[in-house]
Amino acid sequence: MIKKEEMLIKSVKSIALDTIEMVLNNRYISRAAVPGQFLHVDIQGHTLRRPISIADVDKSEETVTILFKIMGSGTKHLSAYQTGMTFSVLGPSGNGFNIDNREAKSVLLIGGGIGVPPLYYLGKRLAEEGREIISVLGFQSAESVFYEQKFQELGESFIVTNDGSYGDKGFVTNVLGKVKDFDCYYSCGPSPMLKAITERLEHKHGYISLEERMGCGVGACFACVIPTDTSGGYKKICKDGPVFSSREVTL
Amino acid sequence: MTNLAVDLPGLKLKNPIMPASGCFGFGREYSEFYDLSKLGAVIMKAATGSERFGNNTPRVAETASGMLNAIGLQNPGVEKIIETEVPYLANYDIPIIANVAGSTIEEYELVAKTFNQTDQVHALELNISCPNVKEGGIQFGTDPDMAANVTKKVKKVSDLPIYVKLSPNVSDIVAMAKAVEAAGADGLTMINTLSGMQIHLPNKHPLLANKTGGLSGPAIKPVAIRMIYEVKQHVSIPVIGMGGISNAEDVLEFLLAGASAVAVGTANFQNPFICPEIIEELPAVLKKYGFNSVQDAIGKGIVV
């Protein structure tokens, strides 16, 4: 259930180019959040909240970790927030990843850029249940890479950069050939990447998490819809998603 | 005890605060945050004759002290709304106002006539001012003769009181207000959004897929206040005011300018509890400025 909660900043850290990691304290959110959900963050002086995905949860410390990229005025302002400050969120928002698929003994995580964070908490939870984790993570360049070590601790990981300055050169789809067989995939990243992946892995069972500019973040304003077919069907990304089965929506 | 009640055609409001059309869906989402019976009324999202998908995304963009939207009147169509959404809202102790949209006079008539068949809707808001759909009614909202004509036609097919929603995208708002009053409108709601655009620097193109969108939020409040103030000096039908309201002081400003009640839109997105919070704060704000009731304050700001 979505609540309006105050988050206390425990730490703020720049972990890659224009990429900020924030650890936030809040009992309700840390207890209720599941992988793939997001927080709708209120940034002072900004009319609209910003949807930011949950990258990790520590239930014993009652903390939630978010990662965001400085893209515009809102994220820039948020990046200047200091430890000890609080801000309001609506959360945990949306429907997370389906992790109950017991058939999936081995899973492939495919993340692109700022789509990588929600896959970390997902991978951690799946690894705890004994699933085999393989990760393919794409970034723009070496200086944008983050969480490589953390994903390696979960299982075999491949890093790809667009300019080839670190890991393989190209896109995440370029290294899918190197990956051994898996039962199910989970992906989050820019729409063109998700489109390429869902086409390439058409025969596989998969889940994708989508990003879109949002208004209310609770399903009332119809700003973040995605078609499900060509005859007017649609889903709301904020409320029905952000996670969908790979065959559920039309990218 | 400060009296918040206001009586308007078809609407017995226990307080003057209602969520604005398009910013509250059909209420379900916000009912998870609070009891909708606390509201003065509710204005539903626009209804068209048949289902509409709306525009491509991105549909929203933030601006300085506001936002642009170009949703494109997405809705399941008037019949589905009557079947599934109106009965849901009727569970709450609040008057329901249905927002009627269309691209032809016939569509407005059809939607209004269909709402007339249910006894759970208390008034109609005639949306002749959506800037986000080519055929979304804006052509009726910028020409006084066309506005009067659609008002007259809808009035004929519906027994419900009709509040005409005025567009600020006109040079003479008073002429629009007088035209629809003469055509039989029972009230006005104003203002709808202002047409605007934002260019996204990274790709150098308009950010919204629709290119233009409707500007709302605190940025447009002075425009709304000015227009209500001008209109109220020339018409006698009541005005429900809207445009950037985000606290009880803003509400008092609208009342002083001549509004009899107000709708809160964009502010719901930042704070889902904004409507009940304003309702709670309003008595103290009225009292602070020397008013014992909402009724006392209406139009008191107009200097003749």
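Easy rule for this one: first residue shown is 1, then count along the chain.
Cβ from N, Cα, C; glycine included.
Per TrEMBL, the candidate among B:ILE71, B:ILE191, B:ILE199 that belongs to the FMN site alongside B:SER21, B:LYS45, B:ALA46, B:ASN99, B:ASN127, B:LYS165, B:GLY217, B:GLY243, B:GLY244, B:GLY265, B:THR266 is B:ILE191.
Closest in space to B:GLY72 (substrate binding site), of the binding-site residues given as B:ALA46, B:ILE191, B:GLY243, B:GLY265, is B:ALA46, taking the CA atom of each residue.
If you check the recorded positions B:LYS45, B:ALA70, B:CYS130, B:THR193 against B:SER21 (FMN binding site), the ones with a Cα inside 10 Å of its Cα are B:LYS45.
Under the three-state DSSP scheme, B:ASN127 (FMN binding site) falls in the strand class. B:LYS45 (substrate binding site) sits 12 Å from B:CYS130 (active site, nucleophile), counting Cα to Cα.
Counting every protein chain shown, 27 other Cβ atoms lie within 10 Å of the Cβ of B:GLY265 (FMN binding site).
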